[in-house]
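These come from Swiss-Prot:
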type     : residues : note
CARBOHYD : N164     : N-linked glycosylation site
TRANSMEM : 20-40    : transmembrane segment
TRANSMEM : 53-73    : transmembrane segment
TRANSMEM : 76-96    : transmembrane segment
TRANSMEM : 112-132  : transmembrane segment
TRANSMEM : 141-161  : transmembrane segment
TRANSMEM : 171-191  : transmembrane segment
TRANSMEM : 209-229  : transmembrane segment
Amino acid sequence: MEESSLLSAILDHRDALASVAEFLRILAGICWTLNYFSMLRTSRKDKIPSTGIFPLCNDIGWEFIYAFIYPTASAHWEGGVRVWFLVHCIVIIFIIKYAHNEWDHFPLIQRNLYFLYGVVTIGFAIGQYSFAREVGPDLGFFYGGVLCQTLASLGPIAQILSRNSTRGASLLTWLLRAIATFGGFIKLTIYYLTGNAAGPWFESPMCKFYIGLTLVLDFTYPICYYVIQRQELANAQKEKKEKSK
């Protein structure tokens, strides 16, 4: 009975829910784009990469496949994936420009950054293409995007913890990504409830795991940021006191 009432309420407000989903789709697209420009700003300000090699290269590989090889699978984004691909091409140039500042301890990597980023990007693109051939472009777009999202959420945590510094980190970049992510989750939930799901959602154990993992990771990042920032401030005050003696 309750299920029937819920379904009836959803059908009664189908048009309103569709408008909300469309707004969230546009909001997510804008926030993802601004997120990439925030990466550029942070990299330029701190002179080190603001994102890891795997998240960035996987994003570019996924975008290339679904912008140019299987564009119909990303048609609902109305060209947004192509825009992200072009923006990411600019981002990777900036990232590589400053990446050498992180590899003084490993000259072999430092001398071959363009080659390294190129090989990893091509590798991810081949992987995304192979997966699309295996499961079909529509499902490939969905689960390939899941990998992009997971790396985008996990990468910054690994980066800030390994550096033990907030240099190259940004709460603005995190906030834009979080808004895009949570807005996207709500949008996909509306699609699912109204029977317009572009891929599996609540009926999929893998999707439930993905939703839970992403939420945990995105709530973890600002905690890590503030803990390390407090540590930096404490160290700065300690150094200031020692110098004043």
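For all residues, glycine too, the Cβ spot is worked out from N, Cα and C.
Most Cβ pairs under 8 A with the transmembrane segment (209-229) among the ranges 53-73, 76-96, 112-132, 141-161, 171-191 are made by 141-161. Counting same-chain residues at least six beyond the ends of the transmembrane segment (141-161), those with a Cβ under 8 angstroms from any Cβ of the stretch are 49, 51-52, 54-55, 58-59, 62, 65-66, 70, 73-74, 128, 131-132, 135, 168-169, 173-174, 177, 181, 198-200, 206-207, 210, 213-214, 217-218, 220-221, 224-225, 228. The recorded stretches the transmembrane segment (20-40) and the transmembrane segment (76-96) share 3+ CB pairs below 8 A when only pairs 6 or more apart in sequence are counted, and are therefore in contact. Taking a C-beta cut-off of under 8 angstroms and a sequence separation of 6 or more, the residue listed as 'N-linked glycosylation site' has the following same-chain neighbours: I228, Q231.
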